[in-house]
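Asks: Copying in the features that Swiss-Prot gives for the protein in this structure:
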- Ser2: N-acetylserine (MOD_RES)
- 2-248: topological domain 'Cytoplasmic' (TOPO_DOM)
- 33-131: coiled coil (COILED)
- Ser139: phosphoserine (MOD_RES)
- Ser142: phosphoserine (MOD_RES)
- 178-240: domain 't-SNARE coiled-coil homology' (DOMAIN)
- Ser218: phosphoserine (MOD_RES)
- Ser225: phosphoserine (MOD_RES)
- 249-269: transmembrane segment (TRANSMEM)
- 270-276: topological domain 'Vesicular' (TOPO_DOM)
Amino acid sequence: MSYGPLDMYRNPGPSGPQLRDFSSIIQTCSGNIQRISQATAQIKNLMSQLGTKQDSSKLQENLQQLQHSTNQLAKETNELLKELGSLPLPLSTSEQRQQRLQKERLMNDFSAALNNFQAVQRRVSEKEKESIARARAGSRLSAEERQREEQLVSFDSHEEWNQMQSQEDEVAITEQDLELIKERETAIRQLEADILDVNQIFKDLAMMIHDQGDLIDSIEANVESSEVHVERATEQLQRAAYYQKKSRKKMCILVLVLSVIILILGLIIWLVYKTK
């Protein structure tokens, strides 16, 4: 399995600002969160090799690049969530509630992925520091320098000269080790800066969740208001139906009375003509 920098953790696309709708941002964020989780699992695997026989400068480089690219992916997702919050709400109350539920689920998933990622980041930092401490403790540079200072300028035998040359070779190797230590310290500083970036993302996420809560209250208030209007409209419809039914009943009675009157008048007229 290759643990080099992964292109899958980047989102290729045309440069320049683009207008994105709610669904496309949701889809991109969901994909990013999945990639963050996958990268976290790979970082754990690489981390388990630190301090073992598999530990090497190549492993360190791959680990650093992978965690840094994952950190950038988290920052990109954070910006997308901010963009998501700035989109205008749909007119339909049901669509507002649906979008609210989608954003709520997305932020929960993002928060969980960030928690796992940051926990691994902190553990990597601890293991790197432990590795550096062991390397410094095993360094022979200071001891070799003291031996060189105490060494006489002249040598009594060829054996002493060879011993001095051997010591200088060991010092050169130790200096190379120290250069690797410096590189690891630089990587740790970058890792700690990335951890601070994740802390800032958590703060932004907390603010978005707070704003989401205000939005939920607003939507619920609109829903309650709509329900009140619906209830009132229902009452008015029921009242109108009652009056309409009552009016129809009156019309039927009136028609019946008129029919009786016409019938009576018809009988009277018929009787009058009959008597003549």
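Including glycine, each Cβ sits where the backbone N, Cα and C put it.
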Asks: Report the mean pLDDT of the predicted model across the topological domain 'Vesicular' (270-276), rounded to a whole number.
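Replies: Residues in the topological domain 'Vesicular' (270-276) carry a mean pLDDT of 72 in this prediction.
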Asks: If you run through the topological domain 'Vesicular' (270-276) with DSSP, how many residues end up as helix, strand and coil?
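Replies: Across the topological domain 'Vesicular' (270-276), DSSP assigns the residues as follows: 6 helix, 0 strand, 1 coil.
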